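Have a look at the structure below before the remarks.
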Amino acid sequence: MADIRDIGFSAAINIFGAILFLLAFAFLRLQPINDRVYFPKWYLKGSRESPSHGGTFVRKFVNLDMRSYLKFLSWMPAALKMPEDELISHAGLDSAVYLRIYLIGLKIFAPMSILAFAVLVPVNWTNDTLQLSTLQHSDIDKLSISNIPIGSKRLAFAKMRLRFLASEKRRPDQFTVLVRNVPPDPDESISELVEHFFLVNHPDHYLTHQAVYNANKLAKLVKEKNKLQNWLDYYQLKFERNTSKRPTTKTGFLGCFGSTVDAIDYYTSEIERVENESLANLEGIEKAAPFLKPLIEIIPKTIGVAIPMKATFFITYIMVDGWAGVAGEILRLKPLVLFHLKNSFLVKTEKDREAAMDPGSIGFDSNEPQIQLYFLLGLVYAVVTPFLLPFILIFFGFAYLVYRHQLLLLGLLSTKGAGQSTPVLLVLPVVTFYFHKYCKNRYEPTFVKCPLQEAMKKDTLERARDPGFDLKGYLMMNAYIHPVFKSDDDDEKFSIADEPEPEVSRGNKAAIQAETPLSLVKYNGSESPFFT
């Protein structure tokens, strides 16, 4: 298994290879004989002439100007200086967008690398889980999440949260449980069904319940009614000031279009219409939001160990493909050899020479999947093995410099094969959604729910501070009533009227209901409210 020394040795080889490619490119691009290979775009546009047309025989093949060799790295600032507008006009909009992908990679992984090395690497390195285990590991694995023990207590933020929860004031949600999708019963209302179920199955823990309805549609109607009432009050006040003329308005958009009608009569009828809709909405209040079950139920423990252990392979892959490979791209070794072979055996005229210096193009269909692979590796290993992030960061910076130079001096971005993999990618949003649901259900309760031990401590303190606390009275103070039901005088018409209890044929239910109070609400047989 590779360790830090092996990674360092591999890095030295690939860095040496990349530097060698860059030096070879810097030397070959200055030679007149290779001018058409490294500046084909300028020749095709007619903005550059061959330097072999004049001078001595040697100067036609070799650059004897020593001062030009002192500026062999001048191509780097030249590639970065061109503004984006000129780049678009010179290489096309696709090329500018393609280069922005590399910039996005830099903007994403630069802060991630800083954060990972400031927080995750010290936490991972200072544990000794792998050292105490029988697993074969290397020093790099000690920088990964596999070195964190199961149930690690080094979670300062979790302790801070528990202290915060212990110091919080009393809230209704600390004493309630949410019950969803209560099935309808032909013999009982849902309120009666809930009370009967908990009194029979949880008599020592059940105290009371309260229905929670989705009244958002009703709230919109109330808001509309208040707006109409405000206009009605305005026109009535206007009419009281001048009784000789009744105010008028138009029924169209913003009161500027449509037929002209009496304003007071119009808004009175509109208010009646909204009130009728509101009362009808009260009959059909419904809350049904079942959550999809996560596609993945269990992730094998072996995957959590195997992923960090593969980091050394991907680090080596990034150095070979992302460092030395990108450096080899700028050298253009294959076009260089083909041009000189064609120039030696096939070129007879100047037109043949132009055909031989094919500038080529950067294949979007082959390069873009490579970029997505590096994005995937960076996002996966950012938390698992943060040591991999600097290698990806170097790739994005180096690739941006190289491909910006290539697009400026060589050819356009080829998109002939782009989009062929799109049907395969359609399944990724679905898989991503289910993975998000799995992570949410698996990890969110840790940050939302209070541990039982801490809850018991808080209950003990509450009983010591207030031994005569009336919990049932506290919970019955309309803690979970929708805001629309807590209306002013203008909204009294929208309150829910009580309904008499239906008869129940079963004697045991009648006995239980006689001993417990019920919060009666209007009920529709198709409703499935939430209860707390």
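Each Cβ is built from the backbone N, Cα and C atoms, and glycine gets one as well.
TrEMBL does not curate its annotations; it predicts them automatically.
Per TrEMBL, the features are:
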type     : residues : note
DOMAIN   : 9-156    : domain 'CSC1/OSCA1-like N-terminal transmembrane'
DOMAIN   : 174-277  : domain 'CSC1/OSCA1-like cytosolic'
DOMAIN   : 299-410  : domain 'CSC1/OSCA1-like 7TM region'
TRANSMEM : 7-28     : transmembrane segment
TRANSMEM : 101-123  : transmembrane segment
TRANSMEM : 373-398  : transmembrane segment
TRANSMEM : 418-435  : transmembrane segment
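Here the domain 'CSC1/OSCA1-like 7TM region' (299-410) has, by DSSP, the following mix of helix, strand and coil residues: 95 helix, 2 strand, 15 coil. Per DSSP, the secondary structure of the domain 'CSC1/OSCA1-like cytosolic' (174-277) breaks down as 57 helix, 9 strand, 38 coil. Listed by sequence, the residues of this chain that lie at least six past the ends of the transmembrane segment (7-28) yet keep a Cβ under 8 A from its Cβ atoms are 34, 37-38, 69, 72-73, 75, 140, 312, 315-316, 319-320, 323-324, 326-328, 330-332, 336, 398. If you average pLDDT over the domain 'CSC1/OSCA1-like cytosolic' (174-277) in this model, you get 76.
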